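A.B. asks: Dropping a structure here in structure tokens format, bear with me for questions.
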Amino acid sequence: MKILVIGAGPAGLVFASQLKQARPLWAIDIVEKNDEQEVLGWGVVLPGRPGQHPANPLSYLDAPERLNPQFLEDFKLVHHNEPSLMSTGVLLCGVERRGLVHALRDKCRSQGIAIRFESPLLEHGELPLADYDLVVLANGVNHKTAHFTEALVPQVDYGRNKYIWYGTSQLFDQMNLVFRTHGKDIFIAHAYKYSDTMSTFIVECSEETYARARLGEMSEEASAEYVAKVFQAELGGHGLVSQPGLGWRNFMTLSHDRCHDGKLVLLGDALQSGHFSIGHGTTMAVVVAQLLVKALCTEDGVPAALKRFEERALPLVQLFRGHADNSRVWFETVEERMHLSSAEFVQSFDARRKSLPPMPEALAQNLRYALQR
């Protein structure tokens, strides 16, 4: 079996590494459009402790402690400057995204999987399908699947809020969610530490707030300073740091009604992206990657494997989208609920996804199935 993985992010790397472990004689190549050092993002949240939770990609590394994971069990929601403290319900693990990606790449290389960077494959819209038995598209929300097959053209929707992903040297020992009224405007911050020295700090606001504050007219530095003043109570004098390519934008939800076509199969955000407010993106990437490994290892041939993979993965992907969309819309319409008491506000926040089957249980059930090979 000869397999090409497009995209050297968590989804493609976990898939390649786990499949190579299960089928060491199969040939697996990975190509990535960016250079080796170009990894966007600050911290990501993962479930459980490495080695104890198979949905945590750190569990597949030989020395996960080198990434200095941070463990979070408490959740703080601030509404009208009044904090409400809660339990996350599960142990969460914050880690630097760049460090995670580099460690997963090293793991693949140690297994004999070649990774080629700055690959022009996607730019030309042509894939060497004749050279491979399977091509895995795991190259994120900006993938150009439409160049390859009409059946996998994504459905793309944009959220109403603007958001930006910052880093900060202020350390947040809890999962923090802050709703801050600033004049006529409302800003929302999602913050948590991912190392001994840094935290993720995601900020979102309505299009109207973004326009009134003239954030689109500011430089990256001026915008970061403005937002830092809005959240000065939380940041305590620490600044906000931006990355090139992570400026203000509307959240893009990318979806598909199917997972594969011919030799092509989708993984990770290339299959389904989900709003950052539910925090399951990397976990989804791991679970769905394991489902594909399971199908390839237990079914007779690629067509049968992809059929079985879609039967298992698509319902999970659709549930993930439902949770993410419900959560995104709640945040986009939060102004309607800012008048509530803090207790009522927390209750509304907790209820925003209660109409759907629980996501953690669905992930756990599918992962247990995938690991029975």
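In case you wondered, yes, glycine gets a Cβ from its N, Cα and C as well.
Checked Swiss-Prot, it gives:
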- 2-20: FAD binding site (BINDING)
A.B. asks: Give the helix, strand or coil assignment DSSP yields for A11 (FAD binding site).
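C.D. replies: A11 (FAD binding site) sits in a helix per DSSP.
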A.B. asks: Report the same-chain neighbours of K2 (FAD binding site): residues 6+ apart in sequence with Cβ closer than 8 Å to its Cβ, ordered by sequence.
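C.D. replies: W26, A27, D131, Y132, D133, L134 - these are the non-local Cβ neighbours of K2 (FAD binding site), listed in sequence order.
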A.B. asks: At a 10 A cut-off on CB-CB distances, which of the binding-site residues V5, A8, A11, V14 has the highest count?
C.D. replies: A11
A.B. asks: Quick one, of the binding-site residues S17, K20, which Cβ has the fewest other Cβ within 10 Å?
C.D. replies: K20
